[in-house]
Amino acid sequence: MNRGRGVRKRNAPEKASILETCDEEIRAEVAQLFNKVRSYVPPAGEKWTLPDPNVVLCDPHVSHPRLQALKHSLNEVKNQLSDKDLSVWHQHTCFTNRAGTVTSHLRSTTNAELCTQAWAKFYEILGTFQLLPDSALKTGELNSIHLCEAPGAFISALNHFLKTSSLHCDWNWIANTLNPYYEANGRGCTITDDRLIVHTLPWWFFGSDNTGDIMLQKHLLELPRFVSNMRSVDLVTADGSFDCQGDPGEQERLVAPLQHCEAICALLLLGTGGSFVLKMFTLFEHSSVCLLYLLACCFRSVNIFKPGTSKSGNSELYIVCLDYQAKEQIRPLLSKLIRNYGPDLASTASLFPRRCIPDSFLSQHEEICTFFQALQVNTIQENLRLFVCMSTEQRRRLEQLREYAAEFYTKRFSVQYLPRKSWVCRGGVVRWVKVCERKQMGSLNQRKEMELQGWKQRLAQGNYGPFIEKHLVAAEGCEVVLNGPLDECDLGAWFALEGAALPKVCSSIFCDQEMLDFLNEALEGNLRVKTVNWSLKALPTCSSCSSDSPVSILSEICSHPDVTSCLVLGSQSWCDDKLTGVRIQPEFLQGPSYCGVQNVTMHDGQPDYQLELLNAVLFALQKQDQGSTLVIPLSSALTRFTSGLVFTLHLCFRYITFRCLSGWPPAALVCMGFSPPSALPSLLDFLQNVMEKMKKVELGRQVLQFVPLEELLRGELPHFLSSFNTAVIRQQLHMLIQLDQST
């Protein structure tokens, strides 16, 4: 063999960067993509001033003909999308989006943490504007507050910017969002992605009622105390919105109250010279005119910016306000706004009368709206044309544009590599990943038609239909095992967390959210469920399903050779017959009474039920002998409170499993092999204190949690709870289908 013979293999020439090889037309288009900005500037010799507080919130809303014409024209174009399947259209517009590959490029080249579209947008804002005040950078202390921030991409983007830009400062941040762990927060407004939140909980402000709702006046007044350790607030961001896909033409009007609350919060918190970034959408309504005029009177520079990484076909805009100058002048007006603060702010009366808006400001505003409306209309029309037919050449050019835009972004904004040790969450990703959020499917017209259908029809047409409707050939639960006892935990970190009483369990981090939505709708809509004398015990059993009964479960447990004793948290009536042919007889201990018809969507969130359950578990743990078994009938474990009790049992037993039942409650926890931890006396004392606190909690409030979330979300517990709740919800939905068919 000739191995080389002194001949060196030539290296292939490096591929030239697309930044060097693409044509001028592509360069110009991408440069324009990242240059969509307009500013408000008072005419020479004119000063825009704040209106007198006495005229604030006094006059009815008015409409501006030119702006309404722009709105009508835009909605006419958007109406052409009403028959487009949302998932298909989304896939198409992702490809036509010139900046569509920026985030994937950043992930692979810069190691950006939580690199979402929001990350790219905020990094672009940081690279376009002098957002961080010079005064903060000179003193070496930067303080930022991030409203409506979930999942946390603005925070991770700012961290990346600071760590890679040689800006040496002590950065402190606080964030707020609707609490993804508060069980009464629905999914229409709440972002459940908690990848950053779960690692940084002490820095998140959820308010005294634990909801995280920044539109509550008491939370507005509590927030300054929460950030009181900050010398001055230098930056406030507000990225709030909620699902408007059911009425996309009125997105601006629907989100306006939230935007007003975000702006008032920023004006209250910011120090002189600070910056404010506010997400808005179209700016056609008088409410938007007033809000922008307020900001223009308070900041030296107010800019309307459409990031290149924001999809060009949507209405999203960012208001970038620099150098807060009206900290003292705005106090009287701000006091009135704070007195009227809440979800109805500016809904019935306009912030300012039309006469207080200078013509020079309104003229600039109309020009700005015309500019951004034209960009959006042109994008939608192009997407519609390409949706019908896209040539090979058009596809090739789009691919070039996307590749060039990704390289251009990285170079233009100097995005550098950041090692993982410099991330906000240095520990990396959380071990427990919840089920993904629901994606809207079908066209707008189809979704409106589906809204008119009953839950059964929508369930049958969706992905869950076969799973819910199938009959069980074997009892559920015994194959799911939570092994323990858990290692010792830090009881010193446990505390009883109070908040607003739950009116309904709308969400849970320990279940499939869409299945819970279906169950709540089914329970609320079923005529027999609404009947005063109806009880959940009336749910029929399915003759085609294989399921366990309390008798069969207890017979199996009490015949097991390793079981020395068995305690059941429930009255003798739960098990209809006396067990025969078993080694031992179970002992029954009075358990909780199960909530009646008026609380069908409270599940395990009813405070009285939780108190009874805690009392029963506390008493049972005191009666347990080494190696004994505990059986707990349960309706569900959706809440943090009940999950905390399961965690407590996880500390004390060798393993826990569950069984679904043919009756009510729909399942039972089976805790095998009592093995008390050394800290059991302290644990029992703590639970006793929680119980005493629950008895004294004031009206309208509730103990929501007593085990830290960091504990609840580690190890195998979340998977066990999710399996348990999924099985319980599936069974109840299956039974409710049978109930409907029998009527």
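Placed from the backbone N, Cα and C atoms, the Cβ positions cover glycine too.
According to Swiss-Prot:
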type     : residues         : note
DOMAIN   : 113-326          : domain 'Adrift-type SAM-dependent 2'-O-MTase'
ACT_SITE : K121             : active site
BINDING  : G152, W171, D239 : S-adenosyl-L-methionine binding site
ACT_SITE : D239             : active site
ACT_SITE : K279             : active site, proton acceptor
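Of all the active-site residues listed (K121, K279), K121 sits in the most crowded Cβ setting, with the most other Cβ atoms within 10 Å. In the three-state DSSP scheme, G152 (S-adenosyl-L-methionine binding site) falls into the coil class. Under DSSP, W171 (S-adenosyl-L-methionine binding site) is assigned to a strand (E or B) in the three-state scheme. Taking each Cβ in turn and tallying the other Cβ atoms within 10 Å, the top scorer among the binding-site residues W171, D239 is D239. Proximity of G152 (S-adenosyl-L-methionine binding site) to non-local residues of its own chain (separation of 6 or more, Cβ distance below 8 Å) is seen for L114, H146, A175, R195, L196, I197, T200, V424, given in sequence order. If you take every residue in the domain 'Adrift-type SAM-dependent 2'-O-MTase' (113-326) and average the pLDDT, you get 96. Counting in whole angstrom, K121 (active site) lies 11 from D239 (S-adenosyl-L-methionine binding site) by their C-alpha atoms. Rounded to a whole value, the Cα-Cα separation of K279 (active site, proton acceptor) and D239 (S-adenosyl-L-methionine binding site) is 5 Å.
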